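Reviewing the structure listed below.
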Amino acid sequence: MRLKRLSTNHLLSIADLDREDVETVLRVAERFKERYLAGERVIPILEGKTLGLIFEKPSTRTRVSFEVAMHQLGGQAFTYTKQELQLGRGEAIKDTAAVLSRYLDGVMIRARRHEDIEEFARYSEVPVINGLSDLEHPCQALTDAFTIREKLGRGPHTVAFVGDGNNVCSSLALVCATLGWDFVHAVPEGYECPDRVWREVERRAEESGSETRVVRDPKEAVREADVVYTDVWVSMGDEAEREERLRVFRPYQVNEELMSHAPEHAIVMHCMPIQRGYELTDDVADSERSVIYDQAENRLHVQKAILALLMG
């Protein structure tokens, strides 16, 4: 499989990618999935190469999908928590990045602070991938775009995100604007995406000819939506605000009543883990509209594409 390189050495943010990069990732992921479903479980593009996975936050889908992805590409993945490394005892990020670059061919980091991943990339001689930070979740957003196309075609589409303007929402808004898809965010005042992200979303939307809107009414957001997306109300790191967030976001629950205002063809997405009965009810999560498990599966194929394009 011949692969075209991306225009970036790292994947820290969707803002690192132009439209051609995004299309390349989606196209390569499609080829990987087709071959996987045809029974070709190992494609040794990264044979002999190693990926380090560093986790400051817990993970199920990100950890397992990256470990399996490296195996299916013929390489190896080594997983560490921050506390297992000298980072946990105060070693400078600069020194850790420089040293790990001598051992590994790539590093994926899940960190609390986006700035820590940016600093790591600054001193790394090998590709660095953001596996989730407080600002963005680019691997998830690329997977979401892949899943939307798989279910609904190339588009353009209208994506409604109902809930907190968190890392998942930020990256999804950026990828939608990049692809020329309309994005509507239903959110309580004060919980919108960070200004630095939204400015880039608006710039890309203007460039691609798509529309981005922030509304307060979830029913308005889903009325013309092809995709209704939600995520947890209390993200990792927001636990101290739990009770207040549960109160504020209660009217933003994705349930049967809200979905009755969406078009019949609209699909429901969630990056998982789900706090069932809060942001998403069981009857919707387990309905025919829900694509949550396909979405989770696609992390594997999209991340194989990301790894192959950055490390191949």
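Numbering starts at 1 and runs along the chain as it is shown here.
Glycine is treated like the rest: Cβ placed from N, Cα and C.
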Additional site residue, N130, N167, N298 [criterion: listed by Swiss-Prot with D231, S235, M236 for L-ornithine]: N167
Site-mate of S59, T60, R61, T62, Q86, R110, H137, P138, C139, Q140, R299 for carbamoyl phosphate in Swiss-Prot, selected among C169, C271: C271
Which of C139, M236, C271, the listed binding-site residues, has fewest other Cβ atoms within 10 Å: M236
Densest Cβ neighbourhood among R61, H137 (binding-site residues), 10 Å radius: H137
Cα proximity to Q86 (carbamoyl phosphate binding site), best match among binding-site residues N167, S235, M236: M236
N167 (L-ornithine binding site) CB neighbourhood, other CB atoms within 10 A: 27
For C139 (carbamoyl phosphate binding site), the one of N167, D231, S235, M236 that lies nearest, given that the binding-site residues are compared by Cα: N167
Among N167, D231, S235, M236, the record's L-ornithine binders - longest CA distance, Å: 12
